[in-house]
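Notes to accompany the following structure.
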């Protein structure tokens, strides 16, 4: 017999007189969810999940509100360290935020086990003195780096140890080639334009030369300087001052996020041997058994910071919240004669000192006040001159005498 579905509506099913509806049970809305949780140990898994999540968020490092997160691309420009009257190329560093990814958070915490995502970074001037040390730091922390350098003062040997690394690429190119110029003003203008177009953060590494021959000692960031605008050093001094002006104009007028560092004398491995700076001059002359050239009476003062201290300061400034400017330098002050004595103690106690007429507009004193960097960046130099100089001497000795051996071998085979 076939099955048949029959609909019995309310009219076909009379309710007997003895029917009474069941009383309402309000507690069922509470009991039923509890029964569901208790069935098959669901409550155990729920509590375990809550406990694990609480532990993860309790021990994860917190991020301050407004702190820059590593979810961005970066462009660094560190063509030459400052304090050189021969160079007019600015140092610039730009962070470009990735489209669709926020660079700031609102105080949330990162779960344990999640690593910082590496940046894709372009470093212009990355084969130079400061730039190559910056590249080392970035590669070491897991970033992918593209170095762009025209090798005007940079050296391929400074970055050769990264060859073969899949996260490193080297391109020979001049970033100011479209205008066929090499000035810190035009270079800064180009990078500011890039920062404006892509909404990037921009870092200008200026110089203590903006203070000129200072009448204030030590120099604070609020000091406006004492510069001869038509002197032999003015092309560099005023060029850097103009670069700072452009940077602040783009910040105020176009809303570009900027940072400004004023770098004092810096030394360390990979400096150009014959770049004319006082530390490299003294070290190279002492190694070559030449007299140490002191201009004037040698009583003019400078402050010398090791390159690793500078790189740390630049990174803290770029990733911090303050525009600046910030003095980045070592407040330890030395006369030129005192510096010559330290070089003699480190290399050759018998090295002679030769005095020559002083150069025009040579600053008499130079010493940074770094109170602002200490307070707002938590930065101060760690490497003393007598500790850092031997590391530079070792590098210079290898390059000077290694080059001599290479030259002599070429002559003998010719």
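Here the Cβ of each residue, glycine as well, is placed from N, Cα and C on the backbone.
So that you can see what the record holds, here are the features copied from TrEMBL:
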REGION    1-20  region 'Disordered'
TRANSMEM  43-60  transmembrane segment
DOMAIN    121-169  domain 'NAD-dependent epimerase/dehydratase'
DOMAIN    181-392  domain 'NAD(P)-binding'
REGION    348-373  region 'Disordered'
COMPBIAS  353-373  compositional bias 'Basic and acidic residues'
Sequence-distant residues near the compositional bias 'Basic and acidic residues' (353-373) by C-beta distance (under 8 Å, 6 or more away from its ends) are 208, 211-214, 217-221, 228, 231-234, 262, 264-265, 291-298, 300-303, 313, 317, 326-331, 333, 337, 340, 379-381
DSSP composition of the compositional bias 'Basic and acidic residues' (353-373), residue counts helix/strand/coil, works out to 3 helix, 5 strand, 13 coil
DSSP tally for the domain 'NAD-dependent epimerase/dehydratase' (121-169), helix/strand/coil in that order, comes to 18 helix, 12 strand, 19 coil
